[in-house]
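J.: One structure follows; several queries about it will come next.
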Amino acid sequence: CTCETGFTGPYCDTVLGMCVETACFNGGTCFNLDPRNTFCLCPNGYAGDRCERILDLGCFNEGDLLSDGSCACSMPWTGRYCTLLKDPIPMEVCGCSNGAICVY
């Protein structure tokens, strides 16, 4: 058999995935919709046909947005959007007593 574009195999019954040619960026996952069309499922923080655009979701808790879409967090925050609280400093390190937690 001489297969049409998008098909392969001895009987042209296997869809040739366009995901090989149409890669998704930034960790996106490519899906074949049909022999000629693909769809990129983008991870959080990215958009676009091929996940090429960084979304400015903003940073919380006074974090600064960096060019790669991540955040530079101020103490005591961490995580991609500065929404996770870092572990408190043990009281023996900062001098708090009676079960108090250190404040940065």
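Placed from the backbone N, Cα and C atoms, the Cβ positions cover glycine too.
Automatic prediction, not curation, is the source of TrEMBL annotations.
Pasting the feature list from TrEMBL:
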type	residues	note
DOMAIN	1-13	domain 'EGF-like'
DISULFID	Cys3-Cys12	disulfide bond
DOMAIN	15-52	domain 'EGF-like'
DISULFID	Cys42-Cys51	disulfide bond
J.: Would you count the other C-beta atoms found within 10 angstroms of the C-beta of Cys3 (disulfide bond) for me?
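T.: For Cys3 (disulfide bond), the count of other Cβ atoms within 10 Å is 15.
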J.: How many whole Å apart are the CA atoms of Cys42 (disulfide bond) and Cys12 (disulfide bond)?
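T.: Just about 31 Å between their Cα atoms.
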J.: Sort Cys51 (disulfide bond) into helix, strand or coil using the DSSP assignment.
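T.: In three-state terms, Cys51 (disulfide bond) counts as coil.
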J.: What's the CA-CA gap between Cys51 (disulfide bond) and Cys12 (disulfide bond) in angstrom, rounded?
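T.: Rounded to the nearest whole number, the Cα-Cα distance is 31 Å.
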J.: Identify, among the disulfide-bonded residues Cys12, Cys42, Cys51, the residue whose Cβ has the fewest other Cβ atoms within 10 Å in this structure.
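T.: Each of the disulfide-bonded residues Cys12, Cys42, Cys51 was scored; lowest Cβ tally within 10 Å is Cys12.
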